[in-house]
Amino acid sequence: MSFFSRNEKKYISRYWKEVKVGDFVQLRCNEIIPADILLLSSSDPDGLCHIETANLDGETNLKQRQVVRRFLELDSEFDPLKFTSVIECEKPNNDLSRFQGYIVHKSGKKDGLFKENLLLRGCTIRNTEEVAGIVIYAGHETKALLNNNGPRYKRSKLERQMNADVLWCVLILLIMCLFSAIGHGLWVWQYAEKKKPIFDLPGPDGKYLSPVLASVYLFLTVIIVFQVMIPISLYVSIEIVKICQVYFIHQDKDLYDEETDSQLQCRALNITEDLGQVQFIFSDKTGTLTENKMVFRRCTVSGIEYSHDDNAKRLAMYQEPDSEEDEAAPKGGTLSQRDSICSHQSIKVIHRSQSTKTHRRTGSRAEAKRASILSKHTAFSSPMEKDITPDPSLLEKVNECAKHLEVMRSHEQPLSHLSPELCDIFDFFIALTICNTVVVTAPNQPRQKVDRFELKSPVKTIEDFIRRFTPSRLTSGSNSSSSSSLATSKSMHRFGVLSSTSTDSTLLKLEEKLTYSAQMNNNGYSSQQGRTAVGSGPGEGELRYEAESPDEAALVYAARAYNCSLVGRLSDQVSVELPHLGTLSFEVLHTLGFDSVRKRMSVVVRHPLTDEINVYTKGADSVIMDLLLPYDPWGKHQKKIQSKTQNYLNLYAVDGLRTLCIAKRVLSKEEYACWLKSHLEAESSIENREELLFQSALRIEKNLHLLGATGIEDRLQDGVPETIANLRKAGLQIWVLTGDKQETAVNIAYACKLLDHDEEIITLNTFSNSSELLIFPVLNLLQAVTKSLLIRSNIQGTRLIVLGLVIDGRTLAYALEPTLEDKFLALAKRCRSVLCCRSTPLQKSMVVKLVRDKLKAMTLAIGDGANDVSMIQVADVGVGISGQEGMQAVMASDFAIPRFRHLEKLLLVHGHWCYSRLANMVLYFFYKNAMFVALLFWYQFYCGFSGSSMVDQWYLIFFNLLFSSLPQLITGVLDKDVPAEVLITVPQLYKSGQNMEEYKPHMFWMNMIDAMYQSLVCFFIPYFTYYDSDVDIFSWGTPITTIALFTIMLHLAIETKTWVSILLFFFVALVYNASCPVCHPPSNPYWTMERLMGDPMFYFTCIISPVVALLPRFLYRTLQGTLFPTQLQLGRQLSKLSPQNRTQLLTKLNVRRQTQSFADSFSPIKDLSAIFKRIRFSNNY
């Protein structure tokens, strides 16, 4: 990095940490930006700078940044010594999508500053040789570091329950200490002043302690002796176990994606057990359930539909090429053509599963890595997305249109001589090519300055006016790039400030020249028809399209398939190569970017053949259709085209395609001049600029002429239907929250088995605040139907009806109001599937929060885009997918997975294991600590409650540190109560975590009672064994310690599958007793264990005591598992079968699951026990 030194008057090298606000910095290509820098100079002739934001948001496509307007007009090279302007901007904040401020020049003029002028720290300079700028924010005040808050802290459900039980342990400890203190006071009080025991020594003043003071001292003493009751070590042990669990999850090869060379990431270490207790899953659709690889599938132009059947065959038979040679080979297929007109019945699981299976990658790791590298180099550029097979009839019309245009241009004939259909086809592909923000790059070829053309046309004056003041694009009010929205275009524009006086005077001159222009050109062509000075670019194969969204890339590749190629883009010019016409350059006057409110984007260009000012618009059909010209000159013909187009759009949606409408508008010069005046005023406004620009866009995006529509296919990811089916059988309720239109979302839901054809679908759509009128009748009807079916099911065995709910965004907004949210939730609870369409990011988070707070349910949200971040953060468990839309979702998530299908094993296997291990570990810690403390408590009855201990101090220390904690750590990390294959095959076993079967509130008290009983056995059997003997205290206390450890280890073996040896205790005891002759005088533990191991009575007590202590628990587990087994216990018994019998049982379960209807499979497998008993019975003979 080069920093400008005022002393040396040149750029010198400097470390990042030395950069300060106000420093001038010079950067070169491929250098990382060290601070937030205002762009003042660029080697690009148009003042552009391309940056890659992969380090910031994970997006590999290039973004454009623009030099501050007035510095772009400098005739000489930028000199930092001549910089005299004053910059005022907003305070440092973490909003990456916004930057506001202005720069005051020496002349007193102001220029607005926007995010398009700011280079953010962490981004990389690309395709630009050299840039210079001034540091605005540095160090920890940069937007990148302000966004780097680290992983969020969440407390798991199990941890919250554990904390409550720890408080009960504190209360039990205080009760035991208080009881001991009272007992000691009574014991001291029974001795009169003259009858003091010989071991009770007076104080320095010769007086004995009073009973009350002795009780206080004893209370503090026994707190120290009994402090093991509070499981402090449990928190440390849990953190160690969770780290080890995460390590083994990372090592799972099934959670590795070879295609993207990525694996699971755990960004939150403290909620792994929540993965085993999830009840609701909220999922995005685009990029999460689908691949977010937008493939051009079909289109309609001028009311005529082009089904692209050859392209459908290519997609159906598509597989990733195994070699570079295969990529060049043509792809074909043998599948039968699909009809152009489809219906609900055409969306079948077989078709989807076949499509996804053929798309499964089977190449080697090296091939997958190579494909990953290529995809990272240029986003949205896989062969499946690029290699589009054109429709023959449409391609013939495009060529025919190009020939006509060439003839008409040579004879200087107006475009009005072209037929309306060919005009629409020409404008349709022009709109697909230029109505976007795609950056065109070519390797090994520098960007060159495009010559400006001297025209005496009035339009030239408008261009000069715009170029001189503000060729702008409307900034989007929302930065979130919705995965389910249409092509998201981020603003990359220059803004300027113009006083109203200068604006009025300039526009008056414009009007005079516009009148003169109308008299000059009457045939529709400019005097410079051959505006093709842009040299033919590099070969088409060398061009790279850097798109901001897969939708944009799909449309540009579709246009290229019809020989309408985007070959160059500058800040105010787009070059398009057409057949027979060569390269045409469209002057870009304005770009009105996409936002989630308008749901469309537009470009205002000057047509190179007619000099007309055209507005090309693409967007959602729901908004474009409302903006069409009401009284079209074509009359009934145009209305017929609109009707046909709407029908085709409905069919596309039924087929699960994402739809876009393409339209245009031709502006008269008077209309444009009038709009331009208000637009410039909006840009020059300091307050409410975004709202004014929004209104300005609405004024020009009306009275549109419909050109056609497109259908883009977003393919399902591999294994999505199977994953959703298994998750639902596991008791998980899956809600899909998407921004797509309702028809598209519904058909994708059918394809991925979220909705089933046997379900009754409830659809809620309203255009006013009348959701209450929809929800209340539906609820009343459901109550009546449910009551009737329950009665019939008791009499005739009728199966209950299965419901699905579909609700659009507008209705959802009303349903989430405080007066209706309870009713909406009551309705949604009765439905097996819920699909929310056209929902905004805020609505997604509100739905998740509503379910989480009202139902007190464990929620999981999964998504892949920036619009899913709020939903992911609100949920108890947030899962991000590193997909085509960047890394925003991953950075905000608790877990990140490569594919949606990996969610199945993450929850059903690793989630179950983590919850089961930690639940048993917590209960075990409470149990063992309570049991050991109870041994010390019983001894207080025989030592005058003096706080003495019959256990050696080192054993007390090593009890929690080594003897009892280490086995549980091993079990907590490695124990697998049920094998992975059983958990996947029988997903109903996951319900044990949802129902908290491993750690219910009453289990804490059952363990406490069991600990008290076992401690009584382990204390009094040795007590009566050695009663009235001459053994010393350690010769009696060591057997008690040994028996307690035996009992604790066997207790652990009953509850888990992992057995841990007790030999460690004997090794430590033998070494310690042999090497410590005078450790605790006057008592002496020397050779204690060695003497005991030669005593048969020691072995007798070590055998009989654990058996008596554990007999009640063992009998309970045996009887309960035999007579009333839970599904989890049956699953555990499967692991004890031989591999042959286990395979036999799992095969029967698979057959039963396949033959069951989808609704029946939602209920638990009730005959699992019967099948298991038959197999066990057959083994006996």
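Even glycines carry a Cβ here, placed using N, Cα and C.
Positions annotated as Mg(2+) binding site by TrEMBL: D284, T286, D864, D868. Feature annotation from TrEMBL assigns ATP binding site to D284, K285, T286, E552, F594, K618, R658, T738, G739, D740, R838, K844, N867, D868. According to TrEMBL, the domain 'P-type ATPase C-terminal' annotation covers 890-1126. Taken from TrEMBL, the feature transmembrane segment covers 166-192, 212-236, 922-942, 954-974, 1004-1027, 1033-1052, 1059-1078, 1098-1116.
Taking all protein chains in view, 28 other C-beta atoms sit within 10 angstroms of the C-beta of G739 (ATP binding site). Using a cut-off of 8 Å between Cβ atoms, the transmembrane segment (1004-1027) and the transmembrane segment (1098-1116) share at least three residue pairs, counting only pairs 6 or more apart in sequence. Neighbour counts of Cβ atoms within 10 Å were compared for the binding-site residues R658, R838, and the top value is held by R658.
Proximity note: of the listed binding-site residues (R658, G739, R838, N867), G739, N867 have a CA within 10 Å of the CA of D284 (Mg(2+) binding site), given in sequence order. The shortest Cα-Cα distance between D864 (Mg(2+) binding site) and any of the binding-site residues F594, R658, G739, R838 is the one to G739. Here the binding residues for ATP are D284, K285, T286, E552, F594, K618, R658, T738, G739, D740, R838, K844, N867, D868. Their largest Cα to Cα distance works out to 26 Å. Using the rule of three or more Cβ pairs under 8 Å, pairs at least 6 apart in sequence, the transmembrane segment (212-236) is in contact with the transmembrane segment (954-974). With a cut-off of 8 Å between Cβ atoms, the residues of this chain six or more beyond the transmembrane segment (954-974) that come close are 228, 233, 237, 240-241, 244-245, 248, 917-918, 920-921, 924-925, 928-929, 932, 1038, 1041, 1045, 1048-1049, 1052, 1056, 1058, 1060, 1064-1065, 1068-1069, 1072, 1079. On a Cα basis, D868 (Mg(2+) binding site) lies 14 Å away from R838 (ATP binding site).
Sequence-remote contacts of a segment are chain residues at least 6 beyond its ends whose Cβ falls under 8 Å from one of its Cβ atoms, and for the transmembrane segment (1033-1052) they are 924, 927-928, 931-932, 935, 949-952, 955, 959, 963-964, 967-968, 971, 1014-1015, 1017-1019, 1021-1023, 1025-1026, 1058, 1060, 1062, 1065, 1069, 1083-1085, 1088-1089, 1091-1092, 1098, 1101-1102, 1105-1106, 1109-1110, 1113. It is 19 Å from the Cα atom of D868 (Mg(2+) binding site) to that of R658 (ATP binding site).
Rounded to the nearest whole angstrom, the C-alpha distance between R658 (ATP binding site) and T286 (Mg(2+) binding site) is 10. With the fewest other C-beta atoms within 10 Å around its C-beta, D864 stands out among the binding-site residues D864, D868.
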